[in-house]
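**Q** Input: one structure, supplied below.
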Amino acid sequence: MTTAKEPSASGKSVQQQEQELVGSNPPQRNWKGIAIALLVILVICSLIVTSVILLTPAEDNSLSQKKKVTVEDLFSEDFKIHDPEAKWISDTEFIYREQKGTVRLWNVETNISTVLIEGKKIESLRAIRYEISPDREYALFSYNVEPIYQHSYTGYYVLSKIPHGDPQSLDPPEVSNAKLQYAGWGPKGQQLIFIFENNIYYCAHVGKQAIRVVSTGKEGVIYNGLSDWLYEEEILKTHIAHWWSPDGTRLAYATINDSRVPIMELPTYTGSIYPTVKPYHYPKAGSENPSISLHVIGLNGPTHDLEMMPPDDPRMREYYITMVKWATSTKVAVTWLNRAQNVSILTLCDATTGVCTKKHEDESEAWLHRQNEEPVFSKDGRKFFFIRAIPQGGRGKFYHITMSLSQPNSSNDNIQSITSGDWDVTKILAYDEKGNKIYFLSTEDLPRRRQLYSANTVGNFNRQCLSCDLVDNCTYFSASFSHSMDFFLLKCEGPGVPMVTVHNTTDKKKMFDLETNEHVKKAINDRQMPKVEYRDIEIDDYNLPMQILKPATFTDTTHYPLLLVVDGTPGSQSVAEKFEVSWETVMVSSHGAVVVKCDGRGSGFQGTKLLHEVRRRLGLLEEKDQMEAVRTMLKEQYIDRTRVAVFGKDYGGYLSTYILPAKGENQGQTFTCGSALSPITDFKLYASAFSERYLGLHGLDNRAYEMTKVAHRVSALEEQQFLIIHPTADEKIHFQHTAELITQLIRGKANYSLQIYPDESHYFTSSSLKQHLYRSIINFFVECFRIQDKLPTVTAKEDEEED
């Protein structure tokens, strides 16, 4: 018999299980829990939104409402920085010019300003420049000014009694309504000189007939008291080549003779049926240089002309005069530099005998830099301070203040270094003899900054920074001191909007603002200005500074084109905390580019070892350093590798042309396009003083000149777009450079464009032409950076198959 058992759950039939599942009651929803969860989610979301709002900077909220910087802005009054051109004339007074044009005298002790010249008077005379006589009785105005080179000009001059006198023309006795090359007051009373046809005229006071005191001038050939082209551009860096003694009794002047210097002819294509030419003396590498001599004439009594004797040194067979400065009323300091520019001698010359005594000698295996520096003297002339390069360890020499003290009954001077360290003194400003202090600008803070310092000239030479943290958003300064040293004018040049303030020297306290350029601050605040970043890159044991300009709306997730801007003239500085609004600003603000600059080997203010690295091999190391800067930027995710460009002008044009064909790490093209403005392409075609300074004397060993030709580089140009811009009447870098370059580009079948400016000079004096120039450069890079839509192309064969 079989016993019946109760079936187990596992033994249930599939049908029974399905019936149970189907027939079971659904669970009740937990509505209360769902509501709580939703509430928590809403609270979290609101907290996130609140955090985002609170943490977002206020300026970002309004950024989209701000305007972008345009080319028009660069030339508008809103962006025009006003420099009051303040100048101390006594212990407590300075002269300055207001924005509306009125010239005033300000007394810092009484805090009272007096009108000297009404702005409307300057307007009525159409005057470009003005100068007040030392006795404040007369003003000298120039009008109808016509530029010659970078600094020089000709113009008509009038004298007018302050404040409301009628203008009277300033002319040589033999000519009326003459266009003068120069006119300016002396240090005392109403004495003045002017230069006409390269001859010097002296007037003891207004109303007295001028007398010609130097008459050896010959137009375009022999210059008295003025620079020729080479001295103006490369040596003295000014058109003025005369110097008053402190008491006004003597005048030192240079005579520059161009008679043996080859002539360059600048063509003028417009304005006549046949082109005309403007000839002028321009010494190229290896050619005859101008000769120079220094003379002193007495202005009281019969004119006596005495030449200062150059050093009796075989290394000085050919020389430049790079600096002249009066020490006393009878002693004048002169720096003589040999043609190779590797030996300089500082002398103190007796203006009554012409005998010059050597005070200091400097020599370099490369070249001597900063030879225009003026020493600062004590009142008796026995003590003076000058800047010289002093060894500071592995980075080579840096420029520091040396004090020289003449010993009684001894031909040897006692020399002491006032400053030291791996930073540069950039300028000596003043010596306070009573307080035993020297005032100067330096890069001690950072190479890209200029701060105002003082140092004791006795004891342990303690120094103090006077400008550090003194003015908000300002780290780049220049300054000038009152005659008593009790007050100083402090000029902020960046990174904020430039301004001028007046301070008490004792406690650095700001007394008042002279100029704040509020209109520019407002314009800047209303625009999408670039964000500025600084960083260092390491190359061959050097830390090289780099400046990066990013759009105001920058985000890491956007891809931006990269524009490398190069200058790199040996000893120059591209990375500096100075205020600037330029066409590069427009590229960043309006067109979303990232602009980068780098101070590589050959740049200044980082020691002579780095400076002299480029000797006899210009372009080679600069290319390496600039390419490293580009590679550093290409590692950033926000840079578009397919849109990289380079630009340079003058020497920078040489570098941009040199760098453009450079290959990347994978041997592909790095740059999409490049542009060069007035590029140097062959240094034997350029100014003797410049080329010979860095490449040696042409004719002795020309290998450096051959190696640095860009012709060797442009053959590697492939499909990159290349824009060359050059004015045809460029007096500094002749169009010949571009003509030589284009010849090589045609041979190499390169893709280039040329834009010329007929009959325009190197410095583009016309604002309308400058606007056109900037637009041309910007449009070229905007087109280069344009992202083209790549549509699939259909070949003829495929077209036939479809048919």
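For all residues, glycine too, the Cβ spot is worked out from N, Cα and C.
As annotated in Swiss-Prot:
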| type | residues | note |
| --- | --- | --- |
| TOPO_DOM | 1-33 | topological domain 'Cytoplasmic' |
| REGION | 1-24 | region 'Disordered' |
| COMPBIAS | 1-19 | compositional bias 'Polar residues' |
| TRANSMEM | 34-54 | transmembrane segment |
| TOPO_DOM | 55-803 | topological domain 'Extracellular' |
| CARBOHYD | Asn111 | N-linked glycosylation site |
| CARBOHYD | Asn257 | N-linked glycosylation site |
| CARBOHYD | Asn342 | N-linked glycosylation site |
| DISULFID | Cys349-Cys356 | disulfide bond |
| CARBOHYD | Asn409 | N-linked glycosylation site |
| DISULFID | Cys465-Cys468 | disulfide bond |
| CARBOHYD | Asn473 | N-linked glycosylation site |
| DISULFID | Cys474-Cys492 | disulfide bond |
| CARBOHYD | Asn504 | N-linked glycosylation site |
| DISULFID | Cys673-Cys784 | disulfide bond |
| CARBOHYD | Asn751 | N-linked glycosylation site |
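Are these features on the surface or tucked inside, and what touches them?
**A** Across the topological domain 'Cytoplasmic' (1-33), mean pLDDT in this model comes to 46.
In the three-state DSSP reading, Asn111 (N-linked glycosylation site) counts as coil.
All protein chains shown were included, and the count of other CB atoms within 10 Å of the CB of Asn257 (N-linked glycosylation site) stands at 17.
According to its DSSP assignment, Asn342 (N-linked glycosylation site) is coil.
Annotation for Cys356 (disulfide bond): spatial neighbours Met308, Met309, Pro310, Pro311, Val334, Thr347, Leu348, Cys349, Asp350, criterion Cβ-Cβ under 8 Å with sequence separation of six or more.
All chains included, 16 other C-beta atoms sit within 10 angstroms of the C-beta of Cys468 (disulfide bond).
With a 10 A radius on its CB, Asn473 (N-linked glycosylation site) counts 12 other CB atoms from all the protein chains.
Using a 10 Å radius centred on the Cβ of Cys492 (disulfide bond) and all shown protein chains, the other Cβ atoms total 27. Under the three-state DSSP scheme, Cys492 (disulfide bond) falls in the strand class.
Of all Cβ atoms in the protein chains displayed, 13 besides its own lie within 10 Å of the Cβ of Asn504 (N-linked glycosylation site). Under DSSP, Asn504 (N-linked glycosylation site) is assigned to a strand (E or B) in the three-state scheme.
DSSP gives Cys673 (disulfide bond) a strand state.
The Cβ of Asn751 (N-linked glycosylation site) has 13 other Cβ atoms within 10 Å, all protein chains considered.
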**Q** For Cys349 (disulfide bond), what is the tally of other C-beta atoms lying within 10 angstroms of its C-beta?
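**A** Cys349 (disulfide bond): 25 neighbouring Cβ atoms within 10 Å.
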**Q** According to DSSP, does Cys474 (disulfide bond) fall in a helix, a strand, or coil?
**A** strand
**Q** At the Cα level, what's the spacing in Å between Cys784 (disulfide bond) and Cys465 (disulfide bond), rounded?
**A** 47
**Q** Roughly how many angstrom lie between the C-alpha atoms of Asn473 (N-linked glycosylation site) and Cys492 (disulfide bond)?
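**A** So the alpha carbons of Asn473 (N-linked glycosylation site) and Cys492 (disulfide bond) sit roughly 9 Å from each other.
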**Q** Determine the minimum-neighbour residue: among Cys465, Cys673, Cys784, listed as disulfide-bonded residues, which Cβ has the fewest other Cβ atoms within 10 angstroms?
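**A** Comparing Cβ neighbours within 10 Å for the disulfide-bonded residues Cys465, Cys673, Cys784, Cys465 has the fewest.
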**Q** Rank the recorded positions Asn111, Cys474 by how many other Cβ atoms lie within 10 Å of each Cβ and give me the one with the fewest.
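**A** Each of the recorded positions Asn111, Cys474 was scored; lowest Cβ tally within 10 Å is Asn111.
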**Q** Using the alpha carbons only, what distance in Å do you get between Asn257 (N-linked glycosylation site) and Asn342 (N-linked glycosylation site) once rounded?
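**A** Here the two Cα atoms are 23 Å apart.
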